[in-house]
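S.K.: Per Swiss-Prot, the features are:
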ACT_SITE  Cys411  active site
BINDING   53-54, Gln131, 177-179, 197-202, 243-244, 264-268, 274-275, 323-324, 455-456, Gly493  NAD(+) binding site
Amino acid sequence: MTDNNKYRDVEIRAPRGNKLTAKSWLTEAPLRMLMNNLDPQVAENPKELVVYGGIGRAARNWECYDKIVETLTRLEDDETLLVQSGKPVGVFKTHSNAPRVLIANSNLVPHWANWEHFNELDAKGLAMYGQMTAGSWIYIGSQGIVQGTYETFVEAGRQHYGGTVKAKWVLTAGLGGMGGAQPLAATLAGACSLNIECQQSRIDFRLETRYVDEQATDLDDALVRIAKYTAEGKAISIALHGNAAEILPELVKRGVRPDMVTDQTSAHDPLNGYLPAGWTWEQYRDRAQTEPAAVVKAAKQSMAVHVQAMLDFQKQGVPTFDYGNNIRQMAKEEGVANAFDFPGFVPAYIRPLFCRGVGPFRWAALSGEAEDIYKTDAKVKELIPDDAHLHRWLDMARERISFQGLPARICWVGLGLRAKLGLAFNEMVRSGELSAPVVIGRDHLDSGSVSSPNRETEAMRDGSDAVSDWPLLNALLNTAGGATWVSLHHGGGVGMGFSQHSGMVIVCDGTDEAAERIARVLTNDPGTGVMRHADAGYDIAIDCAKEQGLDLPMITG
């Protein structure tokens, strides 16, 4: 970026311990999590405020970041800070059970909800792309998507390979903040993986954090390693420096047959996130400033080639699926008429979980102490004693996942269990078992908090894929319930014009008041997911609503 206000050569690290720098834990928590989003161990490009996902930023510019920090340190417990696309625009009197921060990022009136108009606004300093958890201050590094990716690979193994992916291998691309979870998720599921990435710096980061095991010198070397490890039944992840739009067609040409194919490049943002075939990264970034339309066209043409290769694999009978980056849409716009012949991962593998309100529940230890996370891991096992799959996940996470920034954990649980765990964590803070408060949040990719016809709400039973009332209702309900901060975003995951979604974070500070808020929010939030899927006619969701006592007037009334 050429705007000096969007670049600062500084390293940010959230405070640790139990000493406040703000007036209460309800304002200290968003302050620390904002700073944690920009920790160099966490963010992809923190000096430009970019957390992950192409240009997903934590604040609009450095002046806005400074003012957010300053405002949070003085904010009272009966005040609410309003943040508009990464800019702090107002502080208003509310009450002690209201959110301390309300955030709206990247939202545009539908007719203007496209990258061209957004980029004009961004260039003028009038907007910011918040992705999902970048601008809502609850990104925890690649761990945040590891379990969801793991669950996807495990379910694919159940559906296609008799219950296991051992001795199988996954072909994919993208090792950014989200895609970087793929190699570790495949390894944890028991599969090998070949992970193509066009930036060596991202490969180095994933090697350093142990998300990927090793790097091949070239494609031939990668294929030799894959053949060896699958023959030995070993689950080892391999990174390959290169361009997916060049390598996938070459694999098709050679007759190489993976066992599973997906992709998690930043295809949602052709101007900033997808390197055209034959280009260097330096060419791409330079021309994005001077010839944006040509860059977008070249990137989308390469995506069309990439998707055609994925379709070729699918024709061979290889399980092939989109992992939520909107690459099928981009390819379709470039003339690949049947780009949507392979499904998205949600309708293919994840929707039954969403029907029960199960999704990416996460928490972070504001103390900075890893031991606080290990104690909460043990509490989860204690309170959910009979879920062997969940216990195995927690054991693998402790063994294999390196914390990035403040220690955190991701754990997919649903309606009923989220509130149970939240109340237990709050009690652990009250008793002193945890050395400081924890925050509980989630990805916007959850059962009731997103409308995204090419991802989370693809192929809904009743055809309501594009109805975006649901994330709005989710945000309103979480605000009414007393979440500590609530966010409403547009364009996350799949890009401008293709999604609306909401997020929430709540603080466990050990008080009675926190317990009341936790009980409300962590019941209502997944409850909206069950409601949304029950309304669409899913029997699993209807049964869950009845079992959990949800009051759905048109269904349970």
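Cβ coordinates come from backbone N, Cα and C, glycine included.
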S.K.: Counting across all protein chains present, how many other Cβ atoms fall within 10 Å of the Cβ of Met178 (NAD(+) binding site)?
M.R.: 30
S.K.: What kind of secondary structure is Leu275 (NAD(+) binding site) part of, going by DSSP in three states?
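M.R.: The three-state answer is coil.
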S.K.: Give the number of CB atoms, excluding that of Gln199 (NAD(+) binding site) itself, located within 10 Å of its CB.
M.R.: 14
S.K.: Would you pick out, from the binding-site residues Asn243, Ser266, the residue whose Cβ has the largest number of other Cβ atoms within 10 Å?
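M.R.: Counting Cβ neighbours within 10 Å, the top one is Ser266.
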S.K.: Do me a favour and check the Cα-Cα span between Cys411 (active site) and Ser266 (NAD(+) binding site); whole Å is fine.
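M.R.: So the Cα of Ser266 (NAD(+) binding site) lies 25 Å away from that of Cys411 (active site).
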S.K.: Might you list, by sequence position, any residue in that chain lying six or more from Leu275 (NAD(+) binding site) with a Cβ less than 8 Å away from its Cβ?
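M.R.: In sequence order, Cys198, Asn243, Trp281, Tyr284, Ala299, Ser302 meet the Cβ cut-off.
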S.K.: Using all protein chains in view, find how many other C-beta atoms are within 10 Å of the C-beta of Gly53 (NAD(+) binding site).
M.R.: 29
S.K.: Can you count the other CB atoms that lie within 10 A of the CB of Glu456 (NAD(+) binding site)?
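M.R.: Its Cβ shell of radius 10 Å holds 30 other Cβ atoms.
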